[in-house]
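Asks: I have a structure here, written as structure tokens, and I will follow up with some questions on it.
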Amino acid sequence: MSRVYNWERLVRATLRQEQLRASGQGHERTPSGIAGSVPDSLQRTTNINAILQAADEIQSEDPNIARILCEQAYTMAQNLDPNSDGRGVLQFKTGLMSVIKQKLAKKVGARIDRNRDVERLWEFYQQYKTRHRVDEIQREEQRWRESGTFSANIGEFSEIRRVFAILRALIEVMEALSKDAAPDGVGRLIMDELRRIKMSDATLSGELMPYNIVPLEAPSLTNAIGYFPEVKGAISAIRYNDQFPRLPEDFEISEQRELDMFDLLEYVFGFQKDNTRNQRENVVLMLANAQSQLGIPVGADPKLDEKAIRQVFLKVLDNYIKWCRYLRIRLVWNSLEAINRERKLFLISLYFCIWGEAANVRFVPECLCYIFHHMARELDAILDHGEATHAASCTTENGSISFLEQIICPVYETMAAEAARNNNGKAAHSEWRNYDDFNEYFWTPGCFELNWPMKQDSSFLRKPRKGKRTGKSSFVEHRTFLHLYRSFHRMWIFLIVMFQALAIIAFNDGKLNLNTFKTLLSIGPTFAVMNFLESCLDVVLMFGAYTTMRGMAISRLVIKFFWCGLSSVFVLYVYLNVLEERNKNTSDSFYFRIYVLVLGVYAGLRLVFAFLLKFPACHRLSEMSDQSFFQFFKWIYQERYFVGRGLVEKTTDYLSYVFFWLVILVCKFTFAYFLQIKPLVEPTNIIVDLPSLTYSWHDLISKNNNNVLTIVSLWAPVVAIYIMDIHIWYTLLSAIYGAVMGARSRLGEIRSIEMVHKRFESFPQAFVKNLVSPQIKRLPFDRQLSQTSHDNNKTYAAIFSPFWNEIVKCLREEDYISNREMDLLSMPSNTGSLTLVQWPLFLLSSKILLAIDLALDCKDTQADLWTRICKDEYMAYAVQECYYSIEKILHSLVDGEGRLWVERIFREINNSISEGSLVITLSLKKLPVVLSRFTALTGLLTRKETPELAKGAANAVFDLYDVVTHELLSPDLREQLDTWNILARARNEGRLFSRIEWPKDPEIKEQVKRLHLLLTVKDSAANIPKNLEARRRLEFFTNSLFMDIPPAKPVCEMIPFCVFTPYYSETVLYSNSELRVENEDGISTLFYLQKIFPDEWENLLERIGEGDRGDAELQESSIGALELRFWASYRGQTLARTVRGMMYYRRALMLQSYLERRSLGENVYSETSFPSTQGFELSREARAQADIKFTYVVSCQIYGQQKQRKAPEAADIALLLQRNEALRVAFIHVEESGAADGKVTKEFYSKLVKADAHGKDQEIYSVKLPGDPKLGEGKPENQNHAIIFTRGEAVQTIDMNQDNYLEEAMKMRNLLEEFRGKHGLRPPTILGVREHVFTGSVSSLAWFMSNQETSFVTLGQRVLAKPLKVRMHYGHPDVFDRIFHITRGGISKASRVINISEDIYAGFNSTLRQGNITHHEYIQVGKGRDVGLNQIALFEGKVAGGNGEQVLSRDVYRIGQLFDFFRMLSFFFTTVGYYVCTMMTVLTVYIFLYGRAYLAFSGLDQGISREAKLLGNTALDAVLNAQFLVQIGVFTAVPMVMGFILELGLLKAVFSFITMQLQLCSVFFTFSLGTRTHYFGRTILHGGAKYRATGRGFVVRHIKFADNYRLYSRSHFVKALEVALLLIVYIAYGYTKGGAVSYILLTLSSWFMVISWLFAPYIFNPSGFEWQKTVEDFDDWTNWLMYKGGVGIKGDNSWESWWDEEQMHIQTLRGRILETILSLRFLIFQYGIVYKLHLTGKDTSLAIYGFSWVVLVGIVMIFKIFTFSPKKSTNFQLMLRFMQGVTGLGLIAALCLVVVFTNLSVADLFASFLAFIPTGWCIICLAIAWKRIVRSLGLWDSVKEFARMYDAGMDVNKLLLRQPYS
């Protein structure tokens, strides 16, 4: 067997050991494993798998029976597939036959009589039933069903399930073999048994019938869900009744289930059986949960309330109702009152059946509305008839019935055909229809032209033809930056108009007179023209949709275009006349008055419409108005879509974000006016008025146009910063506001473990107030306690302790704390007779010793001593608890005279305390002696009782008596006791304390152990727990108790939810080999983890009892090896970590439900005393209640393929299923079948599996799909296929690199209550959740990313949610309103490439569909982030590329158009605007340096400085300083630092910030700036956005230089060298007043960017500057550079292949033109430098530049001569080498002669080299852009060699730069 198979055997053995450890059983035989290899084609129609599993189980009991079962399984496989055509069937048969032969060989020559097989099987069957009490179990089952009470625990039920599974297999084999048995012998017995079983096989059916959560097909003993009244009521509600149409008699259903509505739907519409089974459970749970939130029904036959059904009905069909109203069509029902509850349930069930089988059509929600609309009408007609008939729309040509084939497949096939046109994401978006285009077809009444059934020749179902594209719907995603202007034109117009206004005021010296006012009115034409530009873009960018757009939309475009065009012409004409009037200085102001009137009326109308449409208070008026005139202008002003209507917020929210932005805008424009615009006014005026200046080159534009290019170079950087600095002000204000809001919400109140210690006393009350349901609060406690307690502290502590202890236990299981720390952190139950609160020992440790020290030093009264003790409240608690515990323990230990002595002593002490004379009654100096004696006693009592220990304990008690009586007490009291006759007689007779009662009461035993620790723990527990992660979790959890949290509902009334995780092929569990493999430095992952988590490693060894063994020895034991794998995996970004974390939800719910003590059958809570939580996980009621409210589905897309190829991931996923019974795995199963013509057809299924009683995969549902579900992006398609298996009203999306914590899981039901809270005009549809990035400790880069991410997911999203109201869904772990989203397209969008950032589109969609997204920080979920620079760069590239695609999307366009102005600003600068500003930060450097290069080359900088004495450096300083601060991440760090201050404190925040700077975080942020800029810009220009796998692993290896070069060459290195070249030109030819100091100040940010972009990959690379690594990198790079590419050769192996891959993004003519335009900038270097050579002197003729090209061509020809290498003639090789030598010598001689006899200097040679390098790069870029033309000219190979030379040059330069550091 393979390694994977052996590992599976090991896992199964280990799990069996874990299950048997509690019962003391040893090892059992491991299963053979053949059952896990049954091919899917054999499993679907037979129970071969179950039979083989039974054979595994009974192998040890009777090998002969196991052999019979295996032979029968082989016979069944042979009958089903005699030719072994199915995939894997031949291998399975071969393996099974080998197993059978092995079993036969073990008979050791004994003859096998197969004729007696059936008799042996019958005998074994009878014995097995007797041995396992099967008949008794069935009788108990009947009794349980009738009473509704369950006494057996989960372990017993698990065994019952296993027994019944084996019985089921035995029965099936007996039935098959009995056909050949004698009818009058055993055959008759078997037939009788079979008839009896069929009459009453409820037990077998219920336990073995596959089900997900609720056993609907047959009742189950081991699952109590079916016995909850609300579930019974839901099942009863959908049950079939006599009023429904009669189904045919041959319609088959499970014998254990009654007919229901889903059976009718299955028959009428041909829904798949598993689809109806799946949706039946979905609807039952939905109805049951809706009912439980209203109240638990009572009675023997519980019924659902009408309100619950109505609530579900309206929520499920809400989108359908809105769709009908939007299209103004009649609903399928007349009114809600007109339809009864059965019709409502039918419609709910119908919708979910349609949705459950719709596959990819689920992304088209309005198409589902259309289908539902027509099918509901068909259903309505069928329900009115007495007989059920097939629906005509779902009937195929051959008469069969299939919803999938008739309805879904035609739509899917059209979608698939369109998706095929995208050329794997490379085709333009405008060339094919995506999901949104299909959906928007149903936003117009024209969709009803499809008819019903849908016409196959309709435009909607028309498949694209080659060369002809199908028209888009209402938006076309053309790839252009112009979308930024079109989507956010209001913002750009506002910024430009304000810049114009500020500039006008500045140029008029700040004077606001009439002339200035008239000049300011020029903003009117600007506004009109820019509006006209936007309308032009509307017309142009809609090209591709005109053939299919609705006429009204086209009319609006045309009307708006002409209106904007005419208005701009009119305004411009009138304003020109106003200027003419002003210039004439006449008194006539006719045009001025007209102009002001027109502008006033227009501005007034705009304001009116803005208020009516955007201002919340006025919005309803606009919605209510039916005036056609008003509606027409409203339609012109804002297009009406099905989505995006009513995007207004509450007035208070509106005013909040308006005020927020007003503050930002005031700051921004003040800064812009005084530091950017005004300082440039005087230099500009002087430069314009300067006389003719001398140019040092041949000027073409500027010389005769008032030095216009000089003005442009001066103003361009200022304008660039003006555009982006609004984001700076936003960052600053949001940081301040977010910090204030966080402080108000009480974040950071508990920020250290010391604060946890100090405030622990207040935790129980806060916990009970917020996290405990009323049911637990009502539980009775000890009667004595209730009579003597004066406050509720004891009650609060009793409720709090089981939850706290479970949290501590969880920390121990996760190895964050040790056993000792667990003992110190654990809290007593506080339910005993002790009247005071017992706190955890970590609060009380060493307090007794300190109190004794105070007592020894006491020279005052008792009151003074007690006052000093009470200064430390926990010391007071410790003293009181110690005193009362000693009394109670001694009282329980002794009897007779001894008990009288104890009572007398404590009576005397109590009297002294009450009289205030304790210091007189007791000799406090003797307290240490007394406590030492008592400590010795408790030390003995903590151990198991033995005769020797009992004798020792008696002696210890006597010693204690002696010390107390003769040393502690005062002489008077001592004399009284010595003369006490009863005591004296017992002492003299030797009876006093001769024997003691060893503690047996659990309460006393707990007190003894606790008191012993209290007296013996001498060191302070101030650092408990020591682990930083444990501290952080406890600090956050305890802090959250004081935040504003919705009150907790009982578990039965909480909102149900599901956790949903998509998974592809990432790491599930680290294997032993992965943990042990060492990198080139000898470091393994395990070694690395041991070093960064040393305390957790020690805790692991302590937990598994292997503390004295090394990790090598640990591998040898199966349990140790498995624990080691899980320990390491729980510290990485693995699926195992995620599953463990998410299953804490179930554990928390079970604990909460268990403590609420809900009994089955009725809503009654137990009246017993407060329960112990011991064994709560085994409570059937608690497990059932948790399963109703929580499900966890992991969508492992290729799990089926992984199982087929025996991948390790499949075995690991199976292991997770076995360890987590509530875990469900969904995957896509592909089934291939051959046709007669040789073609292989594939069928796709969505499957859901769980672990069965044997730990194997058990298929629950299998829903056939119309085809390959992956038409779009992989992750959303993966989510979509599995979302049908989710349950509940909410779904939390969790990525597979996340984590969760038990203490946070306890708050989940509080979070879900936010869906019912008030958060604005609309209820929340997405609840944002805080994240903790747990990878911050892995490396410095991981820490940077962790801090950056943390600041965004806390402070950033806090501000986005409130006050800005623009928080979207940025990924996981947000909680969705499941019903809202699944009826509106799902939880993500999936169109190829455009939806590459699929998560955020869920937020867009939710917002546009009138959702509401909130953010909550009292709960957190763990999140992993990338930890290495390359991983981070890939992640940043993916996100930046996704934002580039968002710019093109219709969602961003609609939000930008439909939000009010201020909310639109918030949306822009927190989504795509962030990347625009990031890009502008880098472009500012380019603009500034190219401007300076222009001034340097032209010679104007020196001339202007000489003439004007100034060049606007004040403004440039302000610009470049702002740019530099953004570049190095200062403004990124501001929210980070504010978050530190809020949650860590000022001192820690300062230290953290300084540490980050010392670790070069500014270099990292500058480098990330380049990553985001490159991928964002390239995506918009050329596309190419794609998912980039980052690996998510630990970075413990050195990254080779070639790898870094491939990743960063074009994004960073080339751009850095370009900037460096500009800086060199500036320093070589530029003029800076102030010399070197001014140069440094002006270029510091640019040099920092160059250095960061060039060196960051080596600074943050392990061993990046080690010399040996540098040598190895050089060799590796040389091999890569020189290796020839070819077909199938990847870019990782060959420079040529990589170079070809780097050009793939240039696909379109538009892209080539843009690339050409951008590449031409490199020509400025050659053009400028040739005029600066000594050789040219002061000659500025154009011929010099032309001659430079001749020289360049000559250099190219020489290069070709030197690189030419013919492959054929050997003789010509010699001649070529001779020519190359002669040419080389001639070139050297010519250079020498030119230098000697002309003005050419050596400096000129270097300058020429500097000039020709950019030109050569320009030529290469142009050749790449026009590759086809260059290739047709035969020059492509030459271009490739030149490119190789350039890359080699860049590599060599970088390696040389690395050398000094190596």
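Placed from the backbone N, Cα and C atoms, the Cβ positions cover glycine too.
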Asks: State the residue range annotated as region 'Disordered' by TrEMBL; the candidates are 20-40, 1091-1111, 1406-1426.
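Replies: Here TrEMBL associates region 'Disordered' with the stretch 20-40.
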Asks: If I count Cβ-Cβ pairs under 8 A between the transmembrane segment (1464-1489) and each of 590-613, 714-740, 1637-1660, 1806-1826, which range comes out on top?
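Replies: Highest pair count goes to 714-740.
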Asks: Across the domain '1,3-beta-glucan synthase component FKS1-like' (342-455), what are the DSSP residue counts per state (helix, strand, coil)?
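Replies: Helix, strand and coil residues of the domain '1,3-beta-glucan synthase component FKS1-like' (342-455) number 78 helix, 3 strand, 33 coil.
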Asks: The domain '1,3-beta-glucan synthase component FKS1-like' (342-455): mean pLDDT?
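Replies: Over the domain '1,3-beta-glucan synthase component FKS1-like' (342-455), the predicted model scores a mean pLDDT of 91.
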Asks: Does the chain bring the transmembrane segment (527-546) near the transmembrane segment (488-507), so that three or more CB pairs sit under 8 Å (pairs 6 or more apart in sequence)?
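Replies: Contact between the transmembrane segment (527-546) and the transmembrane segment (488-507): present.
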Asks: Hey, which of 488-507, 590-613, 654-675, 714-740, 1742-1762 has the most Cβ-Cβ pairs under 8 Å against the transmembrane segment (1806-1826)?
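Replies: Ranked by Cβ pairs under 8 Å, first place goes to 1742-1762.
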